[in-house]
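According to Swiss-Prot, the features are:
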type    : residues                                                : note
REGION  : 1-25                                                    : region 'Disordered'
MOD_RES : Ser2                                                    : phosphoserine
MOD_RES : Ser2                                                    : N-acetylserine
BINDING : His38, Trp47, Glu48, Gln49, Phe50, His51, Trp73, Tyr102 : substrate binding site
BINDING : Glu63, Glu66, Glu95, Asp98                              : Mg(2+) binding site
REGION  : 149-170                                                 : region 'Disordered'
Amino acid sequence: MSQAGTGVCGNGGQEDSAAAGPFSFSPEPTLEDIRRLHAEFAAERDWEQFHQPRNLLLALVGEVGELAELFQWKSDAEPGPQAWQPKERAALQEELSDVLIYLVALAARCHVDLPRAVISKMDTNRQRYPVHLSRGSACKYTDLPRGTLSENEAVGSGDPASELGNQAST
């Protein structure tokens with residue numbers, strides 16, 4: 001059985017993000033602002049009739065495909081998107097925006113409060129991926145070695161928002 005951070009699951013081949021420096025999003029627009037902007041855009045064009053969950057999901061998948069095309073056939077040895085040419089960076093920005101717009105629209109149509117859902121999901125991830133078992137490991141939680149500590153002891157009593165960047169996603 002592998003130890004956390006070594007073994008079969010590996011470390012995910014993380015890029016050196018320190019070279020790019022720290023990044024943070026601008027505080028605006030909020031997800032609610034994005035939801036409202038898109039709802040107004042669709043209403044002005046009488047497109048709400050087409051925005052059923054299935055259609056929004058398929059549009060989202062299509063946009064994710066367009067985003068994936070930007071990365072297709074690029075080698076892992078090539079510099080990351082931070083070093084792309086301006087035209088490629090602009091396309092990346094547009095496709096990521098399309099993905100976010102459709103994700104927010106789908107969540108709104110399904111009445112899912114994304115910020116609350118993210119906090120809940122990160123709490124679940126924190127329980128599934130205790131730091132002492134998952135640090136440096138790309139293993140799925142079902143494949144992590146189990147130590148002698150219970151999940152409650154391993155998770156600790158820290159603030160749920162404090163470790164958002166330290167957990168693997170599922």
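Glycine is no exception: its Cβ is also placed from the backbone N, Cα and C atoms.
What Swiss-Prot annotates, mapped onto the structure for a quick look.
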| residue | record | DSSP class |
| --- | --- | --- |
| His38 | substrate binding site | helix |
| Trp47 | substrate binding site | coil |
| Glu63 | Mg(2+) binding site | helix |
| Trp73 | substrate binding site | coil |
| Glu95 | Mg(2+) binding site | helix |
| Tyr102 | substrate binding site | helix |
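Within the set of binding-site residues (Glu48, Glu63, Glu95), the lowest number of other Cβ atoms found within 10 Å of a Cβ is recorded at Glu48. The Cβ of Asp98 (Mg(2+) binding site) lies under 8 Å from the Cβ of Glu63, Glu66, Leu67, each of these being in the same chain and 6 or more residues away along the sequence. Report note: the Mg(2+) site is defined by Glu63, Glu66, Glu95, Asp98, and the residues of the same chain whose CB lies within 8 Å of the CB centroid of those residues, excluding them, are Gly62, Val64, Gly65, Leu67, Glu94, Leu96, Ser97, Val99. Close to Tyr102 (substrate binding site) in the fold, though at least 6 residues off in sequence, lie Leu56, Ala59, Leu60, Glu63, each with a CB less than 8 Å from its CB. Cα spacing between Trp73 (substrate binding site) and Glu95 (Mg(2+) binding site): 17 Å, rounded to the nearest whole number.
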